[in-house]
Amino acid sequence: MSKRFLADTTLLLIAFVWGATFLVVQNAIAHLPPNTFNAVRFSLATLVLLAVVLIFSREQLRRFSRSVWSAGFILGFLLCLSYGLQTVGLLYTSSSKAGFITGLSVVLVPLFSYLFLREKLKSVALLGALAAAGGLYLLTAQQSLVLNSGDLLVFGCAICFGLQIVFTGKFAKQLPALPLAIVQLGTVALLSWLYACCFEQWQSAFAAKTMLQPQVAWGLLITAIPGTALAFLGQTALQKFTTSTRVALIFTMEPVFAALTAYVWINERLAVPQLWGCALILGGMLLAELPVPNWLKKQPVESKKHS
């Protein structure tokens, strides 16, 4: 099994976890303010990874270098900003439009990869990204795309999320994964607490009545450990074996998994355009995954042999 295949498969599993927990998060934030939920979620995830270091790998403590702290802060700031912009943007726009605009990061990542990492723009990857973007539109758009202030905020989220993917690819090749993931998640937790203390009823995070609600307790447990600690550690550890563009394409499967989960759990059916959207997203991802250029190069050679 190649390292790239392992990386892509693990990243697809991460996209599945995020998509499958969409309903869990929705139910939890009905009882706990969104950024307060994220503050608790990322705090728990940080503590889980710190516990792993202290119990199983204390030598990792020596690897918290200045480079790890600065890179982790950059990644955490971008990730927290993407969550924050999306949350505020949702106050002024629909969740369907927000889902599509956030997914536009799949088109931005190849551009950012070229600008910041000098990764070559491959035509197959670009076609895959455009196909996935078209699929996202069919899957999420339920009304005209007339832009408002909320849409612009969510587009800012797409930019930040795209940059987080690109810079994770940059830093993951140079720095140890576990310390980098801990600093990144800790930064998100700290900034989320600051936002929650300024703009939300953060006291609810310390109210037993709220925290012991099954939707909140299970929501935090599921999203903090597999959905955050393991997911971002996996992304940080394995993204070095693949490209940022492929990561963005794989992550476009998240709304597909969310739609499938909604169908299984609450019987939320997809219309025909949404099914085509899922197919386009899957097709875009496969276009980037399969060695299409190699097949095209072999075709003329094989045709000459048969002639």
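One is the number of the first residue shown, and numbering goes on along the chain from there.
Backbone N, Cα and C atoms are what each Cβ position is placed from, and that goes for glycine too.
Unlike curated entries, TrEMBL annotations are predicted automatically.
These features come from TrEMBL:
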| type | residues | note |
| --- | --- | --- |
| DOMAIN | 8-140 | domain 'EamA' |
| DOMAIN | 149-287 | domain 'EamA' |
| TRANSMEM | 40-56 | transmembrane segment |
| TRANSMEM | 68-92 | transmembrane segment |
| TRANSMEM | 98-117 | transmembrane segment |
| TRANSMEM | 124-140 | transmembrane segment |
| TRANSMEM | 152-171 | transmembrane segment |
| TRANSMEM | 178-196 | transmembrane segment |
| TRANSMEM | 216-235 | transmembrane segment |
| TRANSMEM | 247-266 | transmembrane segment |
| TRANSMEM | 272-296 | transmembrane segment |
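Simply put, out of 40-56, 98-117, 124-140, 178-196, 247-266, 178-196 has the most Cβ pairs sitting under 8 Å from the transmembrane segment (68-92). Here the transmembrane segment (124-140) has long-range neighbours at 96-97, 99-100, 103-104, 106-107, 109-110, 243, 245-246, 248-249, 252, 255-256, 259, 273-274, 276-288, 292-293, meaning same-chain residues at least 6 beyond its ends whose C-beta is under 8 angstroms from one of its own. DSSP labels the residues of the domain 'EamA' (149-287) in these numbers: 122 helix, 0 strand, 17 coil.
The stretch from 40-56, 152-171, 178-196, 247-266 with the most CB pairs below 8 A to the transmembrane segment (98-117) is 152-171.
152-171 is the stretch from 40-56, 152-171, 178-196 with the greatest number of Cβ pairs below 8 Å to the transmembrane segment (247-266). With a threshold of 8 Å between CB atoms, the same-chain residues lying at least 6 positions outside the transmembrane segment (152-171) that come near it are 71, 74-75, 78-79, 81-83, 85-86, 88-90, 92-93, 97-98, 101-105, 108-109, 112-113, 116-117, 180, 235-236, 239-240, 243-244, 247-248, 251.
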